[in-house]
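*Asks:* Got a structure for you, written out below as structure tokens; questions coming shortly.
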Amino acid sequence: MVLAAIPSPSRGVVHLGPVPLRAYALMIIIGVFVAVFVTGRRLRARGMDPMVASEVAYWAVPFGIVGARVYHVVSTPAAYFGRDGNVLDVIKIWNGGLGIWGAIAGGAFGAWLATRRYGISLALFGDAAAPGIILAQAIGRWGNWFNQELYGKASTLPWAVRIDEKHQIIPGVSTYQPTFLYECLWNLVVAGILLVVDRRHRLGRGKLFCLYVALYTFGRLWIEMLRIDTANQILGLRVNIWTSIVVCLGALLALAVTRSPVDPNLSREEQEALGIARSRPAARSTVTTAGTADQRAAAPDSAGPDSAALDSVGPDSVDPDLGGPDPADPGSAGSVPAAAVPDASGSTATTATTATTATTATTATTATTATTATTGVPAGSQQSRGLATRLPASGGHTSAVPPEEPQLP
């Protein structure tokens, strides 16, 4: 005697004028919207565009539905290709019959196409989408309740589901284990675990999605053992049970492969999106030229127009790729000391000996000085990198007389 039971809906279709609205399809649609909403919020929290969730859903949902239907038809061929089956029922998806494994495989393929198209990491997106996906599955399971299908063994528990006579597998037995309710509750627990783990622990890329697969398949394993609907078996076990075992082991193996808390292959942008690394502030580009102030202080005011042109070029105009003076180069502006030159009175005058302030009579030297004044790069640095011709030095002074050209024999 059953004292209490969960009643089943009297019908699973609501007509909005001439348009039939099936509760099974409505549950799927609501689940998709919830998944997109949750995924979008998680992407925004990672510094990514929340609209990426919608863009990927445009690809993942159709592929997921097709994959789910294909898996169901392949795993239960007698209902469509058997003696009492009808091949045309294959396309009647509104009557129910979607395999979750096909949905995951097809949806993953569609998501892969979308992420590849938009240049997004599939593993990174999967981690963000995992809690939303499992919530969508929890909502979608109520479609089985509206269709009065995929329930468990006969039961007299107070939370057993009551099935109408035309949908009963065992004639005369009206109450069964509500496997749809069990899976819904299990999925909600998994969603909570994923959110807590993701908040308290920084897993490597793709690991949160693997954890979702492992937890879901573990729950699906014991739920499948309660079902009594017709299904193909291998070694006395339903095909879905074997699938759950294989997929669960594969997910656990994927979790164990990478032991480091952070995937070393993560780019800086992905680390910042995951919250592993903080965004670096934009650093001001400041180039310090050694010896610039000293040289300007030591150079006489009568150094000539070339010196004035150089003084008009500030240190900010120095090419950061070429850098400052080269300490190893004796012709560098920052490394050449001032030379002591005796004057007519016997005193010693300090004369700057940098190549850029010397007055030369040759065209090549003048061109080099003009280039230095234009680009703001010291001549010594240009010489050390082969960008300018090194000027000959005599006794620490720059000679104003060009060297004699060798006579050809």
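Indices start at 1 and increase along the chain as displayed.
Cβ coordinates come from backbone N, Cα and C, glycine included.
Take a look at what Swiss-Prot says about it:
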COMPBIAS  297-309  compositional bias 'Low complexity'
COMPBIAS  320-335  compositional bias 'Low complexity'
COMPBIAS  348-375  compositional bias 'Low complexity'
REGION    273-409  region 'Disordered'
TRANSMEM  18-38  transmembrane segment
TRANSMEM  48-68  transmembrane segment
TRANSMEM  93-113  transmembrane segment
TRANSMEM  119-139  transmembrane segment
TRANSMEM  177-197  transmembrane segment
TRANSMEM  234-254  transmembrane segment
*Asks:* Restricting to the same chain and to residues at least six past its boundaries, which positions have a Cβ under 8 Å from a Cβ of the transmembrane segment (119-139)?
*Replies:* 27, 30-32, 34-39, 42-43, 46, 48, 52-53, 56, 100, 107-108, 111-112, 183-185, 187-188, 190-191, 194-195, 198, 203, 205-209, 211-212, 216, 270, 273-274
*Asks:* I'm a bit unsure how to read this: which one of 18-38, 93-113, 234-254 has the highest number of Cβ pairs shorter than 8 Å with the transmembrane segment (48-68)?
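*Replies:* Most contacts with the transmembrane segment (48-68): 93-113.
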*Asks:* Where else in the chain does the transmembrane segment (234-254) make close Cβ contacts, counting only residues six or more beyond its ends and a cut-off under 8 Å?
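*Replies:* Beyond its ends, the transmembrane segment (234-254) has Cβ neighbours at 75, 99, 101, 206-207, 210-211, 213-214, 217-218, 220-221, 224-225, 227.
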